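The following features are taken from TrEMBL:
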- 93-108: compositional bias 'Polar residues' (COMPBIAS)
- 121-131: compositional bias 'Pro residues' (COMPBIAS)
- 159-285: domain 'Galactosyltransferase N-terminal' (DOMAIN)
- 91-131: region 'Disordered' (REGION)
- 47-67: transmembrane segment (TRANSMEM)
Amino acid sequence: MSQRDLEVTCPCSWESMGPAAGCPGPLGGPVAACGMSRLLGGTLERVCKAVLLLCLLHFLVAVILYFDVYAQHLAFFSRFSARGPARALHPAASSSTNCSRPNATAPSSGLPEAPSARPGPTAPVLPPCPDSPPGLGGGRGLVSLGSDEGLIPATVLPAVGRLLIEFTSPMPLERVQRENPGVLLGGRYTPPDCTPAQTVAVIIPFRHREHHLRYWLHYLHPILRRQRLRYGIYVINQHGEDTFNRAKLLNVGFLEALKEDATYNCFIFSDVDLVPMDDRNLYRCGDQPRHFAIAMDKFGFRLPYAGYFGGVSGLNKSQFLRINGFPNEYWGWGGEDDDIFNRISLAGMKISRPDVRIGRYRMIKHDRDKHNEPNPQRFTKIQNTKLTMKRDGIGSVRYQVLEVSRQPLFTNITVDIGRPPSWPPRG
């Protein structure tokens, strides 16, 4: 009997193998051939089933990946199918008829849309920033903002409260930049964890005060970040060596900041040599014009007189326009802040101030600048604010921008504001 006949007609089973069943012994003959045949058949069956399962698994994985990659296109296709199903589902046919799609840059070839055309993921909606950031000023005692602050993450800085301000340590701009990694080019910052109600432009009148500016940036950037402000820093640099004009530079800063960002609705006007000693002194605008620097060290931490409005002040956009901005004719030191106070009073507004324990400021000691001598006309001008307010202000300011330079920590705008008149102006 041949091997083929044994495979077909073998009457033996694994249970009945042996001499009693009439089958040959286990080491040879028909039983060995019959067992090997059944073993190979079972193995092939299991291999086929495994291959089939692998194919099914591969198919399922391919389907899942396909829908995962293209699921974000479903909303896109649905939007266009409402306008024209054929064009949305068959972009190749649409391009062949020269029908342009909105915002399309080139005819479609039927391939999936380029990444720039795909609708991006929806940005998370951040909660509004609190009027008073939680825990601000919660620190006890005096805390020095040293170089170690650069190790604090840029997301949320801890509250400090009263600050120890000193101007003896060297302060290179590179160090200040390392301390404030979240500040963007031009001195812009937006809190990452909430949406501020105001966009604040901080405007500094400036000339030859680089040493003071470094200290100001070192202290103010961390303070403003802790206050959860969306802000930008603008240094308005007066070109040349003619007599300094602080109020006119502030008018220029107001206009130039709005040119860069029309959403600015709060304007803080600050001298470069004044640093707040408490981060609870919030640099924001309110229902009334705000005077921040009410207790300077040079005045014994007291308000020098009731009508004082110098140093650091803030107005929102409508308040600033309501008083026609600041006067342009105060060349030299003094008088312009009193004129601004008169304008606010004449416009029917009142000055708001922080508590004297919070509105404390340190001034960087320095000699009086050259070409910034006391203005001999200031007392006469202050008495005539009512007559000059409408004709002298933001509507009459004249200047020429010479350079706009966006630095890592601030925006520098160099301007030519002209020269003072050689004769006393009328009014």
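In case you wondered, yes, glycine gets a Cβ from its N, Cα and C as well.
In TrEMBL, annotation is done automatically, which means it is predicted and not curated.
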Q: May I ask for the residues of the chain that lie six or more residues beyond the compositional bias 'Pro residues' (121-131) and have a Cβ under 8 Å from a Cβ within it?
A: 72, 191, 193-197, 228
Q: Check the domain 'Galactosyltransferase N-terminal' (159-285) for me and report the mean pLDDT.
A: 95
Q: Could you give me the DSSP helix, strand and coil counts for the domain 'Galactosyltransferase N-terminal' (159-285)?
A: 39 helix, 33 strand, 55 coil
Q.
Per DSSP, what is the helix/strand/coil residue tally across the compositional bias 'Pro residues' (121-131)?
A. 0 helix, 1 strand, 10 coil
